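Engineer: First, the structure itself, so that you have it in front of you.
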Amino acid sequence: MIRSRITGIGFHVPPRVVTNHDLEQMMDTTDTWIVERTGIRERHFVEGDVGSSDLGIEAARKALADAGRTPADVDFVIFATTTADWMFPGNGVIVQEKLGLGTVGALDVRNACSGFLYSLSVADAFVRMGQYRCVLVIGAEVQSTGLDLRTEGRDMAVLFGDGAGAAVVEPSTDESGILSWSLHSEGQFARELWCEAPSSRVPGRVTQEMLDAGRQLPRMNGRQVFKNATTRFPEVIHEVLAKAGHTLDEVALVVPHQANQRIGDAVVQRLGVPPEKVFQNVQRYGNTTAASIPIALTEARDAGLVKKGDLVVLAAFGAGFAWAGTAMRW
Ligand code: UT7
């Protein structure tokens, strides 16, 4: 049976860097609190009229160049984001138009922090069944425009950043490729990390009362997310390795969704692996939701931590709750 593999990756973040000290000027918080609780030191925020599609397109160009492909080679697009430019249509069609991809199909996925992995699983299935040969998978977010940068919103505001990452998925011609998947969800926790409005339940989609209460902005029960994330990450990593017939000792690198350094450290501890086996760059980008795994994977590969033939595990956990994992031979 043919396998699919990632043949190119790339990422893009907007140039404006926002440090914890910058946030101290906007709200009652401290660099010490943010670093101790999250490990985050800085993140990137867009300026002006920039949407997640713009960031995604830049990442996509880099991933295509990395794969040695051009837009003419792409035969399907999957765009993962919770912060699309518009309510509809999704960002996929914006990419199709701006990259000049003919009339290829474009699918949008809104599985938040696990959106990139869910999208990659669909690309993998399409390539394995022979339906498409070159699928462009993008994860991109502009979180900054949905953050309450006053003290009232500080629990969320210090965590998130903007950015994009992309991957090109094609048939493998050797031993490399995607080996296994685990995809999960648990909707009983939907309201623990969510954005309620605009909503089809509400005539006019949003009311002034909702806007005044900030119900159009994301909200989170941080402790509940933390508790579940630290259990589900190790669980899904073990699952995908078992399905692939491999063990943790054989893994060169685990690249988890970058939510919080304390979550990453808890994963290290629960897996019982040396810290260098779990890649973390949340310190410099914050949580970029659907973009975090392709950003981290690109940085890890560029740093020489992911080499041809290596066994790599990607894992994500976030809103839904939805979580996912995959094992692949690079
Ligand atoms: O992809 C998944 C996305 N979500 C996550 O990864 C979040 C997972 N959760 C977490 O990482 C942690 O729960 C947080 C970092 C969000 C919060 O840490 P915590 O240890 O759970 O703190 P807490 O929410 O219990 O708040 C402790 C205190 C509170 O003050 P009081 O009530 O003890 O006086 C908060 O008001 O810290 C206060 N606080 C802040 N102080 C300074 C909350 N946010 C801030 C802030 N700066 N930014």
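Including glycine, each Cβ sits where the backbone N, Cα and C put it.
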Engineer: For the region 'ACP-binding' entry in TrEMBL, name the matching range from 148-152, 228-232, 258-262.
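Structural biologist: Feature region 'ACP-binding' in TrEMBL: residues 258-262.
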Engineer: Cβ under 8 Å, sequence separation of at least 6 from the ends of the region 'ACP-binding' (258-262): give me the contacting residues as numbers and ranges.
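Structural biologist: Same-chain contacts beyond the flanks: 37-40, 113, 159, 225-226, 229, 280-283, 285, 287-288, 292-293, 295-296, 317-318.
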Engineer: DSSP says what for the domain 'Beta-ketoacyl-[acyl-carrier-protein] synthase III C-terminal' (241-330): how many helix, strand, coil residues?
Structural biologist: 39 helix, 24 strand, 27 coil
Engineer: So what pLDDT does the domain 'Beta-ketoacyl-[acyl-carrier-protein] synthase III C-terminal' (241-330) average out to?
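Structural biologist: Summarising the domain 'Beta-ketoacyl-[acyl-carrier-protein] synthase III C-terminal' (241-330) by its mean pLDDT gives 98.
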Engineer: Based on Cβ atoms within 10 Å, give me the single least packed residue among the active-site residues C113, H257, N287.
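Structural biologist: N287, out of the active-site residues C113, H257, N287, has the fewest neighbouring Cβ atoms within 10 Å.
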